[in-house]
Amino acid sequence: MDPPELCKEAEESHRQDSFNMLTFILLLTLTILTIWLFKHRRVRFLHETGLAMIYGLLVGVILRYGIPANSYHNKTPASCSLREGPTSTLLLNVTFDPEVFFNILLPPIIFHAGYSLKKRHFFRNLGSIITYAFLGTAVSCFVIGNLMYGVVKLMQAVGQLTGKFYYTDCLFFGAIISATDPVTVLAIFNELHADGDLYALLFGESVMNDAVAIVLSSSIVAYQPAGANTHQFDASAFFKSVGVFIGIFSGSFVMGAATGVVTFTKLHCFPLLETALFFLMSWSTFLLAEACGFTGVVAVLFCGITQAHYTYNNLSEESTKRTKQLFEVLHFLAENFIFSYMGLALFTFQNHIFSPVFIIGAFIAIFIGRALNIYPLSFLLNLGRRHKIKGNFQHMMMFAGLRGAMAFALAIRDTATYARQMMFTTTLLIVFFTVWVFGGGTTPMLSWLHIRLENQRQSKTKQESAWLFRLWYTFDHNYLKPILTHSGPPLTSTLPSYCGPLASCLTTPRAYENHEQLRDPDSDLIRGDADLTFTFGDTAITANGAANGKRSGSTSEEALERELDSREQELLSRGTRLLKHSCLKPPLWLLRWCVHAQEQV
């Protein structure tokens, strides 16, 4: 090709890329403005993710049917050709390389999930979350995979399968579609202040099973039996894939946690540099894990959890605010970008394979797989839980098993074969249906299941923690936090006396400056069986009937509620007497502040 033609092609490609980015920026802008309108009007039947998908669908229809065929259908840019290889994907004008999703868009989404983790409810339900995420995802994967293998055999029998579809392909589909993403449900939970434990179970399961699903799919891809037929069951290959799963997950976990621990920033005088360094260290965790053959999703998730626990306490006050806001914005933009792209891909991806039998079978399979995940595991977990996972919670968890960004990203990463193209098309339709139908029905479902909303009083319930977590907390509070952060007791008070010189060397001067840091805020997570307390204002009511202060409590929740109601009435009456000569109607928070100020005096 002559140099002028090369220059012309490069210029055309540059203009095309600029148009692509402009299209998505306009989609995000329109989505943000519509979200503002929905929040202003208190519309909850459609979340921003579903809205982004609708806008993507509209743009996809315009690009597919509104552009002349000679400029769109029959013309494929040089940068959008079919690439040979294990991850080849046919890219059209307004599409991106699948690696863009993994290396640019997924890291801030996963990291924000770990960095913004609400530790109180998460660690209170840690055992249940791990059970749902690991065992539940594995059950769902194998149930869906085997059911879909039956569907494939049925399609072969009736002559509706024109390409090769192996058992390993069915298992791979079961792995990627088991990655739940109830972002719509959790956002509505936040707005409505739904039950904290239910939120923690859903959020923890969705975060953890994303990591499990991606490692499980990698293990299935690594399953290569020996012999003539490479798609028959082989015990040695099976145990090899199990070893790959354990190795990848544990290696990614260690890498992410280690990176989070060693992320020290001593740039307190320059918050901008401190925030930039923190951001780069966090993102590099994902890329480092991928470069080493591990899974970046697992690494960046546990990096976020570790940094929120340790590094966050070492940041300056300005950097703590900046990092939270920065990752929240990146998470919001990346997530809506992906959902917009989903709507667009339904029309711009040319190799769709729509099979009604496979699609209907997939819907039935994911419903059965979710049911066999939630209900049997909840029954087993309730055998050892003091605070049971109630039936309405289980129904809500069943209902909230939406599919989203992770399932889409795993499906689009490889669309080179007939089976993978059919799986990609089916995954898109499942994401659309679950986000629109189940996401939009969250509010009515909460009401129908009679799931309570959290009381808006300033209250907290201290519940028992697992003995294993208590041991970990004691070790972490007494030794790790004093070494890695400026919170917790100084090592000079926790280490034996003969370790005095070492303790003095490892303890930073800031650890002695603020005596308030001697009490770790995470101590609220650790409770014994006899230390169940409900606090309100200056009154602490214990579950065994004792009250700290002015009243005695009852052993039942009804007695606690009556106690709180009477206490609030007293606050209201006293506050009203204080401000009875005012011509304005004081708000409740002002009354409480006045009462508190009077008691302090």
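Cβ from N, Cα, C; glycine included.
Residues or ranges marked as domain 'Cation/H+ exchanger transmembrane' in TrEMBL: 31-448. Annotation source TrEMBL lists transmembrane segment at 20-38, 50-67, 129-151, 171-189, 242-264, 276-305, 326-347, 353-372, 393-412, 424-449.
Listed stretches 129-151, 276-305, 353-372, 424-449 were compared with the transmembrane segment (50-67); the greatest number of C-beta pairs under 8 angstroms is found for 424-449.
Most Cβ pairs under 8 Å with the transmembrane segment (424-449) belong to 171-189, among the candidate stretches 129-151, 171-189, 242-264, 276-305, 353-372. With pairs at least 6 apart in sequence, the transmembrane segment (242-264) and the transmembrane segment (20-38) have fewer than 3 Cβ pairs within the 8 Å limit; the two do not touch. Sequence-distant contacts of the transmembrane segment (242-264) (same chain, at least 6 residues past either end, Cβ-Cβ under 8 Å): 211-212, 215-216, 218-219, 222, 278, 281-282, 284-285, 288-289, 292-307, 309-311, 314, 484. Residues 122, 167, 170-175, 177-179, 200-201, 204-205, 207-209, 211-213, 216, 357-358, 361-362, 364-366, 368-370, 372-374, 377, 380-381 of the same chain lie 6+ residues outside the transmembrane segment (129-151) yet bring a C-beta within less than 8 angstroms of a C-beta in it. Here the listed stretches are 276-305, 353-372, 393-412, and the one with the most C-beta pairs under 8 angstroms to the transmembrane segment (326-347) is 393-412. Counting same-chain residues at least six beyond the ends of the transmembrane segment (353-372), those with a Cβ under 8 angstroms from any Cβ of the stretch are 139-141, 143-144, 147-148, 150-152, 154-155, 158, 160, 173-174, 177-178, 398, 401, 403, 418, 421-422, 425-426, 429-430, 433. Counting only same-chain residues 6+ beyond the ends of the transmembrane segment (276-305), those with a CB under 8 A from a CB of the stretch are 102-103, 106-108, 110-115, 117, 207-208, 210-211, 214-215, 218, 248-249, 251-253, 255-257, 259-260, 263, 265, 267, 311, 315, 319, 323, 326-327, 406.
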